[in-house]
Amino acid sequence: MYLIEPIRNGKRITDGAVALAMQVYVQENLFLDDDILFPYYCDPKVEIGKFQNAVVETNQEYLKEHHIPVVRRDTGGGAVYVDSGAVNICYLINDNGVFGDFKRTYQPAIEALHHLGATGVEMSGRNDLVIDGKKVSGAAMTIANGRVYGGYSLLLDVDFEAMEKALKPNRKKIESKGIRSVRSRVGNIREHLAPQYQGITIEEFKDLMICQLLQIETISQAKRYDLTEKDWQQIDALTERKYHNWEWNYGNAPQYRYHRDGRFTGGTVDIHLDIKKGYIAACRIYGDFFGKADIAELEGHLIGTRMEKEDVLATLNAIDLAPYLGAITAEELGDLIFS
């Protein structure tokens with residue numbers, strides 16, 4: 001089995017969008033003479049399923065404040081928070097009857113964790129690992145070009161406070177046709193490891209797992225495929241075209257409705273928005289503000305605006321709002337919409 005790692009010019013890449021692009025590139029373009037193991041860890045990100053709505057699934061204000069990106073994957077499933085406290089083990093293998101058999105693909109990981117002292121780890125449900133009833137790993141797999149591509153996360157020491165805040169939407173009154181995530185009780189693996197492994201780094205944990213999975217003594221014994229510069233150029237292009245692209249990560253979201261209301265010195269505002277592919281598709285504004293002009297004109301200006309605060313503010317600031325909203329300012333309306 002070949003080991004492929006996200007290392008370029010001797011430097012480890014921890015951008016979660018790049019890691020996802022690498023997985024897709026490997027699936028579609030690398031056909032070696034053996035199976036492939038692709039482990040990685042990355043900076044904080046929220047990864048959402050193909051059919052999910054990023055706005056519904058996440059706390060957008062928290063993500064922006066902490067510079068945590070949202071990345072949409074090409075497969076279904078729910079939203080997950082990932083940071084450098086988790087190792088993701090991915091594999092690309094010939095389908096010898098293993099597709100859908102999570103017990104079989106998980107068994108080497110279970111044995112490896114037992115070897116490291118986490119003897120309480122066990123399967124739960126169809127595709128999870130738990131310790132003391134708390135989820136420490138979730139798995140998925142698909143068929144890609146006749147091969148089984150799958151993987152699972154291993155939560156060594158994830159920041160659960162950040163996870164809870166990132167995956168807790170704080171916008172009320174949102175209705176969406178997207179698929180909602182199911183929250184699970186989660187736990188960390190570190191506290192269950194043997195004493196000699198309690199202080200290991202995420203890099204050391206990754207290497208220990210690789211050695212156990214590949215049945216080698218040291219990581220230097222692994223059979224590697226090093227991504228070439230040509231490989232990297234295609235990965236770069238895919239990352240920018242898709243996984244760093246707002247249109248894919250947000251604009252590809254299902255249609256949803258959004259409602260906010262607030263009170264200002266200039267009166268009350270009750271705003272209803274329909275969002276389609278990340279843009280305002282319909283808008284209705286109600287309230288007891290004192291305006292002279294037809295409010296439908298202002299609503300029309302907002303239609304077609306990208307549902308990002310800077311875009312909405314740019315639209316509002318380009319209009320003289322006084323004839324429509326009286327004393328209510330663009331900043332007040334923008335803050336209300338994105339509160």
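Every residue gets a Cβ built from N, Cα and C, even glycine.
Lifted from Swiss-Prot, the feature list:
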- R73, G78, A79, V80, Y81, K135, A139: ATP binding site (BINDING)
- K135: (R)-lipoate binding site (BINDING)
- 31-221: domain 'BPL/LPL catalytic' (DOMAIN)
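Swiss-Prot feature annotations superimposed on the structure.
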residue: R73; record: ATP binding site; DSSP class: coil
residue: G78; record: ATP binding site; DSSP class: coil
residue: K135; record: ATP binding site; DSSP class: strand
In all the protein chains shown, the tally of other Cβ atoms within 10 Å of the Cβ of G78 (ATP binding site) is 17
Span of the recorded ATP site, as the biggest CA-CA distance among R73, G78, A79, V80, Y81, K135, A139 in Å, is 22
Of the binding-site residues listed (A79, V80), the greatest number of other CB atoms within 10 A surrounds the CB of A79
Cβ atoms other than its own within 10 Å of the Cβ of R73 (ATP binding site), all chains, total 18
The average per-residue pLDDT within the domain 'BPL/LPL catalytic' (31-221) comes out at 88
